[in-house]
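Visitor: Handing you this structure, nothing more for now.
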Amino acid sequence: MNSFSPTEDTIAAIATAVSPGQGSIAAIRISGSSAIETSKNIVDVPGIQDWSTHKVLYGHVTEENRKKYIDEVLILVMKGPRSFTGEDVVEIHCHGGIIPVQKILERILAFPSVRRAEPGEFSQRAVLNGRLSLTQAESISELVSARSRKAAELAINGIEGNIQTTIQSIRKRLIEQLTEIEARIDFEEDLPLLDEKHVKNEIVAIKKDLNELIDNAKRGSWVRSGLKVALTGKPNVGKSSLMNRLSKQEKAIVTDLPGTTRDILESEIILEGIPVTFIDTAGLRDTKDIIEKIGISRTKKTLIHADLIILIFDYSSGWTNEDESILKQLPINIPLLIVGNKSDLTNDQSFEKVPKYILKKENLVIISAKTGNGEDDLINYLLKKCGSSQTHGLDIALNERQLDLAKSTMKSLENINKVFDEKLPWDFWTIDLRQAINYLGELTGEDLTESLLDNIFSKFCIGK
């Protein structure tokens, strides 16, 4: 890892989420050379309590005049380097709620030696001081924001170093090949001939391993961010009823009036470890209502960014020209499921009202949002789309930043193949090989500039 200038100032921030009436405990974190001294200056600790490392003290944070208490607290002392950041760290645990937390933080920041921490700065210091690798720090951030158990599992694997170890192994193999080639360039007469076939085979094997990581990143993205499923169709076909049925809660207003849904409504469930967000959109139709037009415009934008579109039609009334018109308006690059709703209202003629080309579609499910009939078929379809087949065997998954660098690495390795094919001198082999190594070094944090680190950690939450 690159060596950066050691941090000299002391930082402080609220380390827990704080909302009015939410959470009984909150924590303020202080890190740096002044952390312990600052803490001693704002708390009253009764009796003889030891401020040595990894001790928990009991006391009260006081007002500046030391005459009034702000709150009753526990103080956790962790002297560097045996702390999260590698520096002296003090955590003050107080009662939850905005007022006591803010007043304690204000007391701390009143000291000139302490400033408010930037987003992700505690984690950044942990990386700079060698307490964490960059990928471990990113995994901690992902654990905090995990929306499913599988996402949390992937984050824990990253914290344990699985991503770092895997990428470092690939990078080491590339360095070994670069070393072999450069040694032949510099000392060709003193060494045996380069086994070019072995080098080529090793590059092929590395590309295979890297490509697997790239493929898994897509599945990992689904696990972290979830799938967006847009419900669309003409008004009053039961889109809102279906969303309420799937989410098991009354998220949308259900009436017999066409065009009732004008806003974009969302509801989330977890299927096989993947968050699935159902988006109930305004019905697509020609209308003169200005408000409804705005809703329809939003619907079209939502459909473009969906991972799956469910087109709902009234199975009891049959497939209409309006349904056909909506079908033709849908983005062709987004997977589509057609759902015939209101099967509870069908009769013998209902089947004949639906064109054969619709009935023959593999992506067709008949359901009653009112009774739940056919719901299992719909869930099974969604499970095939985003279920166990997507998460099985998924142990590590690159985030967006890591994926971009992995793709850049792959591109460099593809360029090496062209050099092989054109039978260019060994010097040309080393150019893209060295670039690939640099990309992987940036991914793991072993080859980073301080400005890049600042950019990465600026996306973290404050206090982490």
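Counting starts with 1 at the first residue shown.
Keep in mind that glycine also has a Cβ here, set from the backbone N, Cα and C atoms.
Found this in Swiss-Prot, in case it helps:
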| type | residues | note |
| --- | --- | --- |
| BINDING | ARG29, GLU91, ARG131, LYS464 | (6S)-5-formyl-5,6,7,8-tetrahydrofolate binding site |
| DOMAIN | 226-387 | domain 'TrmE-type G' |
| BINDING | 236-241, 255-261, 280-283 | GTP binding site |
| BINDING | ASN236, THR255, LEU257, THR260 | K(+) binding site |
| BINDING | SER240, THR261 | Mg(2+) binding site |
Visitor: When a 10 Å sphere is centred on the Cβ of SER240 (Mg(2+) binding site), how many other Cβ atoms does it contain?
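Guide: The answer is 22.
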Visitor: Please tell me which one of the binding-site residues listed here (ARG29, GLU91, ARG131) sits closest to LYS239 (GTP binding site), measuring Cα to Cα?
Guide: ARG29
Visitor: Return the count of C-beta atoms lying within 10 angstroms of the C-beta of LYS239 (GTP binding site), excluding that atom itself.
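Guide: The answer is 31.
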Visitor: So if I draw a 10 Å sphere around the Cβ of GLU91 ((6S)-5-formyl-5,6,7,8-tetrahydrofolate binding site), how many other Cβ atoms end up inside it?
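Guide: Summing over all protein chains shown, GLU91 ((6S)-5-formyl-5,6,7,8-tetrahydrofolate binding site) has 22 other Cβ atoms within 10 Å.
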Visitor: Please identify, from the binding-site residues ARG29, ARG131, the residue with the sparsest Cβ neighbourhood, meaning fewest other Cβ atoms within 10 angstroms.
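Guide: Across ARG29, ARG131, these binding-site residues, the one with fewest Cβ atoms within 10 Å is ARG131.
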Visitor: If we check Cα distances from ASN236 (GTP binding site), which of the binding-site residues ARG29, GLU91, ARG131 wins as closest?
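Guide: Of the binding-site residues ARG29, GLU91, ARG131, ARG29 has its Cα closest to that of ASN236 (GTP binding site).
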Visitor: Measuring Cα to Cα, tell me the gap between ARG131 ((6S)-5-formyl-5,6,7,8-tetrahydrofolate binding site) and SER240 (Mg(2+) binding site) in whole angstrom.
Guide: 50
Visitor: Which of the three DSSP states, helix, strand or coil, fits ARG131 ((6S)-5-formyl-5,6,7,8-tetrahydrofolate binding site)?
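Guide: Coil, per DSSP.
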Visitor: Taking the Cβ of ASN236 (GTP binding site) as the centre, count every other Cβ atom within 10 Å, in any protein chain shown.
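Guide: 19, counting other Cβ atoms within 10 Å of ASN236 (GTP binding site).
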Visitor: For LYS239 (GTP binding site), which of the three DSSP-derived states applies: helix, strand, or coil?
Guide: helix
